[in-house]
Amino acid sequence: MLIVLSLGGSILAKNLDPDRFLKYANALRDISKKHTLLVVTGGGEAARDYIGAARAMGADEVTCDYIGIEITRLNARLLISALGHDAYPEIPSNYPEASKAMTSGKVVVMGGVTPGQTTDAVASILAEYLRADLLTIATSIDGVYSSDPNCDPCAVKYEKISPEKLINIVMAIEMKAGSKSPVDPVAAKIIERCKLDALVMDARNPDLLVEVICGEAAKKSPVSCGTWITAKK
């Protein structure tokens, strides 16, 4: 399968721990033995810190976005270093470059691309552009809930939902102050328009990422650590 993985900066780059990068690199190696893999890295806490500092100095939002993109690309560079010869050595700056890099047979790693888009959105657009078989959004939340579980103790987790239902959930959550959706609205719309199979999962344990993608992805069977998004009945 051709898989695009959105790897959240909050789980990859937590405390900039080299061992964490190496563990994710090992997981990605294992996945790439069975699948063609492209990874989009998030910015995590470092991106938020830099953007916060820029805003405090009066930077406009486009500048803040570019700062965030640079941090995601730094995380991509660190992950490439951890992967060594198993990674494509350069960071694609756009979707055609990523497509070309994919032909190398290596794990392709990239960061943000365009101001105003999260790396989840970048990953979903990349998956659409490449006609990927699966988009995996690896985060610290174990799937999609009816509302933000951090704010609502009665939130219900879904094993499988349609893209249309995902959009309704995402928009409802985003409208509530202090609430955060596991998938951003742009990514949700891309998933809907291209009828892309996607998995939102808790990937704080890199080994679990391998287990799910290599073991359950082809079957689309329920997983305890995530939610499937599929247009297929």
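In case you wondered, yes, glycine gets a Cβ from its N, Cα and C as well.
Model, not experiment: these values are computed from the prediction.
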Further UMP ligand in Swiss-Prot, beside GLY43, VAL113, THR114, PRO115, GLY116, GLN117, THR118, THR119, within candidate set ASP60, ASP65, ASP133, ASP142: ASP65
Work through the binding-site residues one by one (GLY9, THR139, ASP148) and name whichever has its CA nearest to the CA of PRO115 (UMP binding site). GLY9
Quick note, GLN117 (UMP binding site) and SER10 (ATP binding site): C-alpha atoms separated, nearest Å, by 17
Do me a favour and check the Cα-Cα span between VAL113 (UMP binding site) and GLY44 (ATP binding site); whole Å is fine. 16
